[in-house]
Amino acid sequence: MIPTARPLRVLPGVRLLCAILLFGLSAAHGAPVTPPAAAIASAHPAATQAGEQILAAGGNAFDAAIAVAATLAVVEPYSSGLGGGGFWLLHLSGEDRSVFVDGRERAPLAASPDMYLNNSGELVPELALNGPLAAGIPGVPAALDHLAAHYARLPLSQSLAPAIRLARDGFTIDAHYRRLADWRLEVLRASPAADEQFLLAGEVPPEGHLLRQPELAGTLERIAARGRDGFYTGELAEQLVAGVREAGGIWTMEDLRDYRIIERAPIVFDYGDWTITSAPPPSAGGVGLAQMLGMLADLNINAQDRVTRVHLSVEAMRRAYRDRAAFLGDPDQVEMPLARLMHPFYLVGLARDIDPNWATPSQPPALQEAAGEPADEGRDTTHFSILDKEGNRVAATLSINYPFGAGFVPPGTGVLLNDEMDDFAAQPGVANAYGLVGGEANAIAPGKRMLSSMSPTFVESDQGVAILGTPGGSRIITMVLNAVLALTEGGTPADWVAAPRFHHQYLPDVIQHEPAAFDAEEAAALQAMGHRLEPVDPGMFGNMQVIYWDRSKQRVQAASDPRGQGEAKVLTGAP
Ligand code: DON
């Protein structure tokens, strides 16, 4: 298990001990200085504005994070919300300390490893994706309360006010909402309260329609007044449990009452002059990034031509995702050899196993049939990045998993439930909705947190600090990898978020890529090395939000992914 008192650093031999002893006594990159501007980058303009309003009212980055997360719950109901979970990576400038707030959903206490299998022992994937049986116990309301209680300055009644207003007064439906509601139409129709909340007479509302969510406003008001108790106990909790159970789910009042936020030490490691701080298990992000960047540093990736770079990156991805499937899960229920998985000797060994000229097949071809398909969705779930004028930072990635989650709303609550249970390996070796396979480490168990790819990340050196992350299911970690490689080579946040993307996840054994990622010559060269290429619609490949505080130029820049509808703002006038 990772010690919670200090970050787990990956450094060679004796340096590891020194780093552990010294960390916390001195800042890794000198005395903290404050940035010349605040900034917010989120996936929706209304959320960015809500954060801006809260900063202007005297809130810090953590108050703004509450406002942004709650607003996204209202205006991006297909991505995240009170019925979901997420990870908040915080940096407290005053203490020069980063902390990881784990608000991941957990399996209900009545969950069992075979809950999605039929009588013949076969997986029924729809059960883990649609309706109340697919829903883990939400963590977002507890996380909002946790941030307010420990890090923020303003009362929840103030930081939740913009979201409450938008839920009550409404927001206008755009084409993206329409496309996703259409994709989940049958599931939304199957839940009377979801139908009522998100559809118009059983159909996808027209563009420009004003969508009001009075019951969600009421639930937000309960949280504003009573904090986590407003959600996890009392009348609302009873409505949630009754609604779930009446529709075939297994939640109990105990599940809600016992849900806890867990603060964990982030994964921290060095890549060249840069220090990367990212998500520990139950995210696979930080470990995966440490492994991939460890291999690529050994292979001197930046000195290679484009085709070799892609080949080596893909081979590093393949090996990291193999370990993900074999070893990673909920750190509170599973023993994981994390120190070994990120040890420099092990990573050099993996790197030297890469053939410079030839793709390594992931498995004997016969087994690849079981591997599933690359996901055809990739912009839901949401990420936002915040920097305040004191230098406090938030990178938060929040999810209800599939577009519109489980598509189920317990009547009277306005809370759309997640279908995060699909992130478990519901059957060893059988792929989930993102084509990911897993084993015992990520098997379903009561109260267990399902393994995630969400990877809120800081990348920091004397030159500057970046705050970043993205949605995209299994592709999240490799998108962050590509962004880290790009930013350590220069450029601006706008370049990093726009760069064409590619991804490999061990199984299926293909390079998923945006069409613009490779020209014909590069594609032919990669194929000649034995790689299979699979183009993915660019609109499906993430929605990254980045802030970069360039310390050498004392300048703040921010960018929102051109694939989405987000808004990034640098707030020079912020207090
Ligand atoms: O936690 C995870 O890894 C997933 N539930 C995230 C889902 C996601 O990013 C959906 N977007 N395509």
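Glycine residues also receive a Cβ, built from the backbone N, Cα and C atoms like all the rest.
In the record from TrEMBL, residues Ser399, Ile400, Asn401, Asp423, Ser452, Ser453, Gly473 bind L-glutamate; the candidate from Arg104, Arg106 listed for the same site is Arg104.
For Ser399 (L-glutamate binding site) paired with Thr381 (active site, nucleophile), the C-alpha to C-alpha distance reads 4 Å. Taking the mean position of the Cβ atoms of Arg104, Ser399, Ile400, Asn401, Asp423, Ser452, Ser453, Gly473 as the L-glutamate site, the remaining residues of that chain whose Cβ falls within 8 Å of it are Gly85, Thr381, Asn418, Glu420, Met450, Met454. Within 10 Å (C-alpha to C-alpha) of Thr381 (active site, nucleophile) lie the following binding-site residues from Ile400, Asn401, Asp423, Ser453, Gly473: Ile400, Asn401, Gly473. Classification of Gly473 (L-glutamate binding site) by DSSP places it within a helix. For Gly473 (L-glutamate binding site), the number of other Cβ atoms no farther than 10 Å from its own Cβ, over all displayed protein chains, is 29. Shown in sequence order, Gly84, Thr381, Asn418, Asp419, Glu420, Asp422, Asp423, Ala433 are the residues of the chain, 6+ apart in sequence, with a C-beta less than 8 angstroms from the C-beta of Asn401 (L-glutamate binding site). The secondary structure of Asp423 (L-glutamate binding site), as reduced to three states from DSSP, is helical.
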